[in-house]
Amino acid sequence: MKPENKLPVLDLISAEMKTVVNTLQPDLPPWPATGAIAEQRQYYTLERRFWNVGAPEMATRAYRVPTKYGQVKTRLFYPQPDSPATLFYLHGGGFILGNLDTHDRIMRLLASYSQCTVIGIDYTLSPEARFPQAIEEIVAACCYFHQQAEDYQINMSRIGFAGDSAGAMLALASALWLRDKQIDCGKVAGVLLWYGLYGLRDSVTRRLLGGVWDGLTQQDLQMYEEAYLSNDADRESPYYCLFNNDLTREVPPCFIAGAEFDPLLDDSCLLYQTLAAHQQPCEFKLYSGMLHAFLHYSRMMKTADEALRDGAQFFTAQL
């Protein structure tokens, strides 16, 4: 689609979203011109520092957990001594960017609002790790904490998965993996999904939206996919194209959040319509005037804070 035919997104977003877009960080270096992933990761981590300031203080612990691929870093947030459940958080970043630091504020707020222990899993990024390694690492971490729950003072009788963007796909894929392979890590009480991608190859929103402001042009999406997948056949895997999985039975309750000007919005809409049509418990909420990745900006935007509160409230209602 010719760029000129796309919607003038930056003219249409909300006032608070425009404030975020226009926020300058004087000490931030320019986006790396080489395109090297290592440099992009470093830039992303630096850029997110500003947005992670001022998060709630709470007991926090860092542990490395074993997987068949080696050890994976995790970060545990304890908002209270007696948590009613444990929520595993998977960060976004197109499978190639992001870490526990870039999403620290999101995890702290989620722990504070839910009063549940939140465990961030620093799964191995792509292209170093290819599908389905990240999912297998997440599942291995869940199993490890389930077996060692007493040692870590966590409640693993009820768990949940949460994630943004690529992390949302990993969250739902991990929940389906546990179901399909009959792995017991505790009851999956809910899944929280903020503006994820779930397997659409094309859509109206992917055509009309996406640009340099969100890194989600069709070319960008293709690049993320090629970095993540092992081969072309993986595109149809039920753990990548989640619409190829069985969404008619035993899907944990899903909170599905969409951003109005997100190219991936149709993925969320289709997921909600599919689950609702088959009487699977789910809730969809559209956040008006928002761009993809708006969850990061709760330091400045009430809507981002609201979206985190909504997800936390949905999860605690399932307990």
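The backbone N, Cα and C atoms fix where each Cβ goes, and this holds for glycine too.
Marked as active site by Swiss-Prot on the basis of sequence analysis: SER165, ASP262, HIS292.
Known features from Swiss-Prot, placed on the structure.
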| residue | record | Cβ neighbours (10 Å) |
| --- | --- | --- |
| SER165 | active site | 28 |
| ASP262 | active site | 30 |
| HIS292 | active site | 24 |
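When the alpha carbons of ASP262 (active site) and HIS292 (active site) are compared, the span between them is 5 angstrom. Rounded to a whole number, the distance between the Cα atoms of SER165 (active site) and HIS292 (active site) is 8 Å.
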